[in-house]
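Below is one structure, written out as structure tokens; the observations come after it.
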Amino acid sequence: MEKKKRWLINFLYYGIIFSIGCLIVYILLKKCLIVVLSYLSAILLKPFIDLILEKLHIKNKVFSIIMTIIIFILLYSCFFLFIFFSCLFFIKTLSFLPSFIETVYQELLSHQYLISFFTQFYQQIQTLIQNILSTSIHYVLSLAMNMVHFIACLFIHFFLTMLFLFHQPLIQRKKESLYTTLISSFTETFIIIIKTYSILFVITFIGLFLGFQVIGIKQALNFSFFIAFFDFFPVLGIEMIMFPWIITLALLNQISLSLKLLILYGIIALIRNILEPHLLSKKIKIPALYMFVAMYLFMKLMGIWGVMVAPFVLLVLNNFRQKNNFQEIYKIIKKSL
């Protein structure tokens, strides 16, 4: 009887703690998102800024503060400029895709046996591109209309991140703490993912651009960026664009161009498959089955964002497992109770 009571009390106790934790997370994400983002930005930037200051041999406190501000402003500016120009380039690329598909479709109409098969496919693709363009334009217009609010949020994020960077006690904790264990694994995994896929993005973009230039594809720069950008996201890949393109060209009797694109795809895929394990590190490599199951479950819970979040969560958990951090967390929780 005592055991049942103890079990029930423990169940209620942990249930209440879990519910309060979920409520706090919800409030933080819903009402204080800008504070959370600023704090995470400071945590991620602090090691990088410290490394630069160490390389520059700056030990004077005043100079280190000035250099920290300068480095942070440069990083902040570069990041937002990259996002801004990437969005512009992406929208520009999407804007000429309908005319490209129209040209391909007109060529397909000359082959009677393909008309019924490709008419519906063409309409769906056109609708999809128009929806993407209209959604993009809607977001751009919304951003323009709420520019004052956006700029205000940007400045708040900037100054909050700066304050968190200089407020050492909020970033540095005792070595044996649940906070440090979670943050170190989170930061390490995040850096590995960003570094890996940024390098792969650049390699894919350069490889495709050079290949398209050699083959003689028009708008090589736009196509290269679009495909590399598409390939950057989880689940999506270079195959989802290259394969339909290659098959369509083959059906249009453009066998030579189709084979050239197939060879180019093979070279890019081979380079990616060789580099990815080394960049991503074998220590956090996860079997494809687990990855797809996690993506499916997260997609059901969070929609399309779940597909993008799932690989990151799995990598963090696997990083925990590799370093026996689960045992450390269990010990820390046990001590705290």
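Positions of Cβ are set from backbone N, Cα and C atoms, glycine also.
As written in TrEMBL, here are the features:
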TRANSMEM  7-28  transmembrane segment
TRANSMEM  34-53  transmembrane segment
TRANSMEM  65-91  transmembrane segment
TRANSMEM  147-166  transmembrane segment
TRANSMEM  200-217  transmembrane segment
TRANSMEM  229-251  transmembrane segment
TRANSMEM  257-275  transmembrane segment
TRANSMEM  287-317  transmembrane segment
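Looking at 34-53, 65-91, 229-251, 257-275, the range that has the most CB pairs within less than 8 A of the transmembrane segment (147-166) turns out to be 34-53. Within the chain carrying the transmembrane segment (65-91), a Cβ under 8 angstroms from the stretch's Cβ atoms is held by residues 45, 48-49, 52-53, 56, 58, 133, 136, 140, 154, 158, 161-162, 165-166, 222, 225-226, 229, all 6 or more beyond its ends.
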